[in-house]
Each structure stands twice: as structure tokens, then as C-alpha cells.
Amino acid sequence: MKEYLDLLNLILKNGYPKIDRTKTGTLSMFGYQIRINLNEGFPLLTTKYCHFKSIVYELLWFLRGDTNISFLKKNNISIWNKWADKNGNLGPIYGKQWRAWEDKKNNTIDQIEIALNKLKKEPSSRRILVSSWNVGELDLMSIPPCHVLFQLYVINNKLSCQVYQRSCDIFLGLPFNIGSYALLTHIFANQCDLLVEDLIWTGGDIHLYKNHLNQAKLQLTRSPLPLPKIFIKKKPKNLFNYAFNDFLLIDYNHHPKIKAPISI
């Protein structure tokens with residue numbers, strides 16, 4: 001994806017040195033937008049290997065409303081291990097907020113179900129939003145949400161999604177986040193018999209950790225390859241019944257993996 005490489009190059013050249021919570025140090029910039037036409041292929045980075053299995057299982061985990069890593073560990077996904085407590089709990093992170101946001105009357109609100117119903121019954125609505133940024137529960141989370149909000153938009157029977165990410169690790173996180181929200185858009189479209197259109201990613205504090213500089217420079221020496229395609233094999237009776245094997249990634253050709261440490 002040239003759009004991603006352009007942002008990576010921009011932050012290498014113009015990013016401001018900034019001390020961060022992890023004490024690793026970053027090059028940082030504020031505010032940027034990428035628009036990806038999902039009809040041109042599934043936006044999984046080709047200039048390094050991205051683990052599609054982790055993207056799928058994490059998204060299915062979110063959609064289950066789960067906040068314990070046991071489901072991920074059962075499927076050999078370790079991406080959340082370092083943030084979990086000794087019992088595997090992460091507090092009321094994404095899954096809890098998406099599926100069971102608590103109101104002041106102690107009722108729970110299923111934002112995903114509401115969004116799905118609006119897409120089916122009122123696709124022109126400007127209120128098809130899902131938020132993870134529950135101010136009243138931030139201090140109970142192992143880490144506050146990085147991608148905090150997404151909005152769905154339908155025109156001419158085509159579905160677009162815009163996501164706002166307050167904090168973005170551009171080297172390790174962003175390729176994963178783009179893949180995840182692209183897949184989520186395809187899932188909503190599949191459930192609602194819509195076509196897909198655009199994924200719009202909007203970033204707040206976008207940062208390249210200083211222990212990722214050499215990896216970023218290596219990646220910029222590589223030329224993007226044609227994007228893969230995504231095929232959803234069936235339409236389950238509801239959005240929460242998808243399984244990993246329902247998704248087929250076709251023709252994912254990529255450059256070799258580039259290892260980089262995670263800052264916690």
C-alpha cells in the first residue's frame with residue numbers, strides 16, 4: 001500500500017522527537033488521513049508479512065464481547081498476552097464497550113447490534129457509530145483504546161467505514177488496524193447485502209518508535225506487491241457467528257517479515 005509507505009516516509013522525514021509513556025522515545029506527528037478503496041483489494045501490507053490469522057481472531061474476539069485472552073490463547077494468538085493480568089483479564093476494553101456498554105440505569109447497550117440494525121433499516125442514518133472510549137471505565141482497562149471510534153456510511157448500496165485512532169504505533173500497529181477494520185467493513189457488508197467502498201483511517205498521535213527506525217527504513221526500500229483479495233465463504237445467520245475458516249485470503253504475496261520490539 002503506497003498510502004502507508006507515504007505516511008511512514010513522512011514521519012521519518014518530518015516527525016518530531018517526543019518522549020512517550022513507554023520511555024522508548026518516538027518520532028511523532030499529529031493528524032493524518034488515509035483513504036483506501038476496498039474494491040482494489042484487501043489492504044494487507046505486502047512490503048512485510050502481516051499475520052492475517054491474528055487479525056481475524058482478534059476481531060472475532062472483539063465481536064464476542066470478550067475481554068479475557070483465553071479465547072485468543074486457545075487459537076495460538078499471543079498479541080494481548082503482555083497486557084493481561086494473571087487470570088488473563090484485560091478489564092472493560094473493546095469487546096465490553098462494543099457489546100455491553102453500561103448506561104447509568106445499569107442497562108447494557110450492544111453498539112454492534114444497534115449499528116447492524118441501523119444499516120439494515122435506516123442505512124442513511126448519520127448516527128451509525130461505535131465508540132470504545134468510555135471515560136467512566138478508562139481507569140479499569142489494562143490499556144485505554146487506541147482506535148476509539150468508527151462510523152459506517154452507506155451510499156448507492158455501498159458501505160464505507162471511517163475509524164479514528166487517537167494513538168498509532170505506525171510500524172507494528174497501523175498495518176494490523178487497517179486490516180482489522182477492512183475485515184470488519186466486509187463483515188457488515190456481508191450481513192447487510194451491501195457492496196464495500198472505502199476505508200478511511202484518521203490518526204491522531206501517529207508515532208514511530210525510535211527502536212523501529214531501521215526497520216522502517218528497510219521497509220521503504222521494498223516495492224508494494226498487488227494486494228490480495230478477501231472472500232467470505234458464507235453469510236451466517238448473524239454477525240456474531242463467523243468463524244476463522246469463513247474467511248479466505250487469496251493471493252497474499254508479500255516481502256519477508258520484519259521483526260520489531262513492542263513498547264508497553
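Cβ atoms are placed via backbone N, Cα and C, with glycine included.
Arg127 (dUMP binding site) is surrounded by 10 other CB atoms, counting those within 10 A of its CB over all protein chains shown. The annotation dUMP binding site is assigned in Swiss-Prot to Arg21, Arg126, Arg127, Arg166, Ser167, Cys168, Asp169, Asn177, His207, Leu208, Tyr209.
Ser263 ((6R)-5,10-methylene-5,6,7,8-tetrahydrofolate binding site) carries neither a helix nor a strand DSSP state and counts as coil. Sequence annotations record features per position, and here Swiss-Prot assigns (6R)-5,10-methylene-5,6,7,8-tetrahydrofolate binding site to His51, Asp169, Ser263.
For Cys146, the entry in Swiss-Prot reads active site, nucleophile, with the evidence type sequence analysis. A sphere of 10 angstroms centred on the C-beta of Cys146 (active site, nucleophile) encloses 18 other C-beta atoms.
Binding of (6R)-5,10-methylene-5,6,7,8-tetrahydrofolate is attributed in the record to His51, Asp169, Ser263, and the widest Cα separation among these residues amounts to 19 Å. Largest Cα to Cα distance within the recorded dUMP binders Arg21, Arg126, Arg127, Arg166, Ser167, Cys168, Asp169, Asn177, His207, Leu208, Tyr209: about 36 Å as a whole number. The separation of His207 (dUMP binding site) from His51 ((6R)-5,10-methylene-5,6,7,8-tetrahydrofolate binding site), Cα to Cα, is 21 Å.
Separation of the C-alpha atoms of Arg21 (dUMP binding site) and Ser263 ((6R)-5,10-methylene-5,6,7,8-tetrahydrofolate binding site): 9 Å, rounded to the nearest whole number.
Classification of Cys146 (active site, nucleophile) by DSSP places it in coil, neither helical nor stranded. Scoring each of the binding-site residues (Arg21, His51, His207) by how many neighbouring Cβ atoms lie within 10 Å, the top position goes to His207.
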